[in-house]
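These features come from TrEMBL:
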| type | residues | note |
| --- | --- | --- |
| ACT_SITE | 204 | active site, proton donor |
| BINDING | 4, 179, 180, 181, 203, 204 | purine D-ribonucleoside binding site |
| BINDING | 20, 24, 43, 87, 88, 89, 90 | phosphate binding site |
| DOMAIN | 16-223 | domain 'Nucleoside phosphorylase' |
Ligand code: ADE
């Protein structure tokens, strides 16, 4: 057990999927895993371990934002030995060709700051996904009949954004989507020599203000989980 995770040693698989929402962790485990067992519920942050196609997988909530994700990912890596960590979550579309329901693979994640920023001082470190996972996820997404994109994403610290001018600059420079966790995940994975990727479903759009109706979320999120699992064991 760690401060924030009640799982026993060995309860956590080497491959961990990381939704922000703990209830989505439960849904994904019930939908995709065989023999899923609840391994953490400290502070309501649900985590389940089961198998997918015979491979052990843990699906662990992270909460919203990089400070929360940083706590869970630090403990999953340092105390439980997680090797492959894939964020599965929602994001806001930032480009006209990135549509609601599309899946975005975060090749790199720009940010105004993460919990790790203090160690980098003047360096603008570029948080980057694991290339092998990215390539495998790209291949897994082909033929699914979904809009699939790979590129730069923005990991924001604020959902209610007071800097529309900053979004405009990112849009000018090709940033595909905004979410709130990937940059710190990529930095922690790099620090500890682990593999990480963010597979994101576009749930709303900053340009069109369209939002995915809740009854259509499940199918779209299902594609994302399938891509993440297929990539993890490719
Ligand atoms: N996650 C999903 N949509 C988002 C948005 N518009 N901003 C930040 N994070 C998000």
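The backbone N, Cα and C atoms fix where each Cβ goes, glycine too.
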Of 24, 43, 87, which binding-site residues are close to residue 203 (purine D-ribonucleoside binding site), meaning a Cα within 10 Å of its Cα? none
How long is the line from the C-alpha of residue 89 (phosphate binding site) to the C-alpha of residue 181 (purine D-ribonucleoside binding site), rounded to the nearest angstrom? 9
Running a distance check here. Ligand 1 versus the binding-site residues 87, 90, 179, 180: which have CB less than 6 Å from one of its atoms? 90, 179, 180
If I take the alpha carbons of residue 90 (phosphate binding site) and residue 179 (purine D-ribonucleoside binding site), what is the distance between them in whole Å? 7
So the record assigns 20, 24, 43, 87, 88, 89, 90 to phosphate. If I measure every Cα pair among those residues, what is the longest distance in angstrom, as a whole number? 22
Can you tell me how far the Cα of residue 20 (phosphate binding site) sits from the Cα of residue 180 (purine D-ribonucleoside binding site), in Å? 9
Neighbour count (Cβ, 10 Å) for residue 88 (phosphate binding site): 24
Restricting the comparison to the binding-site residues 4, 24, 88, 179, 181, which residue's C-alpha is spatially nearest the C-alpha of the residue listed as 'active site, proton donor'? 179
The most crowded of the binding-site residues 4, 24, 43, 87, judged by neighbouring Cβ atoms within 10 Å of its own Cβ, is 87
Name, in the order they occur in the sequence, the residues of the same chain whose CB lies under 8 A from the CB of residue 181 (purine D-ribonucleoside binding site) and which sit 6 or more residues away. 18, 20, 62, 64, 65, 66, 69, 87, 89, 155, 198
